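Database features (Swiss-Prot):
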type: ACT_SITE; residues: Lys9; note: active site
type: BINDING; residues: Pro90, Leu91, Val92, Ser93, Gly94, Leu95, Gly96, Gly97, Asp98, Ser99, Ser100; note: ATP binding site
type: ACT_SITE; residues: Asp132; note: active site
Amino acid sequence: MLTLLAPAKVNLSLEVLYRRNDGYHELRSIIQSLSLCDRLSFSPAKTVQISSDSPDWQAEHSLVSKAVALFSEKCGQGRGVNLTIAKRIPLVSGLGGDSSCAAAVLKGLNKLWGCGYPRWRLMELGAELGSDVPFFMMGGTAMMEGRGETVTPLPTLNQMWAVLLVPEIEMPPDKTAALYRNLHADSFSSGEISDKLLEDICQGKLSYSSCFNVFEKIAFTLFPDLAKYRWQFLEAGAYQIFLAGAGPTLFTLLKDKNMAEKIYHNLCQKGHQAYLVSTLGPLD
C-alpha cells in the first residue's frame, strides 16, 4: 500500500491582475502549505474504487475522480486502484483540500502504476484539473502565476503557527465563481503586493502588512455573517486575521506557539471549529 499526505494551504497574497482573453483571470499569489493534511492510501485493484471516511465527501463531485480519470486516460488505461481518503481538511473551506487531494492522486497513481512521469508533466496534468493543483505538486512556500500553472518555489519560511477558524456558514456550490463574478476594475492590481511580500520572504521575514486577498472585501459583502466570526476571532486574541483563499475559513499566523495555542483554545471554548497547525516546507 502507498500512502501520501495532501496538505492544506493558505494564500499569503492573492492578486488578480486582469481578465484574460481566454476567460480565465491572470493571478499572482504567494501560497503556503500547512500541516493540516488529508491522507490518501493507494493499493492495486482490478477496478477503480474510491472511498472516504467523510460522509459528506462525494467522489463524483470532487477533483479526485477527475484526476483518476485523467491519469487513467494518459497512462493507466485498463488499470485499477483502491483509493481511500481520510479527510481532515474541511470541505469547501478555502484551504485547497480538493486540489491537494487531486495532486496527491496524480503523484500516487504515477508511482503505483509505474508511469514515471516527471514532476513538470504532473504539474501540466494538474493544471488541467484546477488552478491550485500544480502548487500542491511541490508545496512549501511558492509563487503562483498565470491561472495557476506557473509555480516558482520560494525560500522556506521559518516555522510559524496558524490558527484556522472555519465558520458555520452555508456556502453556495459556485462560491469561487461568485467571487470572481463580483470582481470589478478596482479589484485588479499590478502584482506589486506579492512582489513586496516576496521581498520580505527572501529576507527571511513575513510582514503582515504585505499579506492580501483580493476576495476578502467581496466575501465579507456576499457572506455578511463572516464579520461575526472575524469579531469573535479578535476576541479570542488574534490581531491580524485573513481570509483563506475563497473562504470562508479565516486564519491568523504567529511566530509564538504559546500565543497560537491560547487563541486556539479560546475559540474551542466558544464552540468554534478551529485548528492549530504549522507551516510546512516543500513536499518530497
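Glycine too: its Cβ is placed from the backbone N, Cα and C atoms.
Remember, it's a predicted structure, so these values are computed and weren't measured experimentally.
Annotated features, which come from Swiss-Prot, shown on the structure.
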{"residue": "Lys9", "record": "active site", "Cβ within 10 Å": "26"}
{"residue": "Pro90", "record": "ATP binding site", "Cβ within 10 Å": "19"}
{"residue": "Val92", "record": "ATP binding site", "Cβ within 10 Å": "20"}
{"residue": "Gly94", "record": "ATP binding site", "Cβ within 10 Å": "27"}
{"residue": "Gly96", "record": "ATP binding site", "Cβ within 10 Å": "29"}
{"residue": "Asp98", "record": "ATP binding site", "Cβ within 10 Å": "25"}
{"residue": "Ser100", "record": "ATP binding site", "Cβ within 10 Å": "28"}
{"residue": "Asp132", "record": "active site", "Cβ within 10 Å": "25"}
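Those residues of the chain, other than Pro90, Leu91, Val92, Ser93, Gly94, Leu95, Gly96, Gly97, Asp98, Ser99, Ser100, with a C-beta within 8 angstroms of the mean position of the ATP site C-beta atoms are Ala8, Ile89, Gly245. The recorded positions recorded for this entry are Pro90, Val92, Gly94, Gly96, Asp132, and the Cα of Gly96 lies nearest to that of Lys9 (active site). In the three-state DSSP assignment, the secondary structure recorded for Pro90 (ATP binding site) is coil. Reported as a whole number, the C-alpha separation between Asp132 (active site) and Gly94 (ATP binding site) equals 11 Å.
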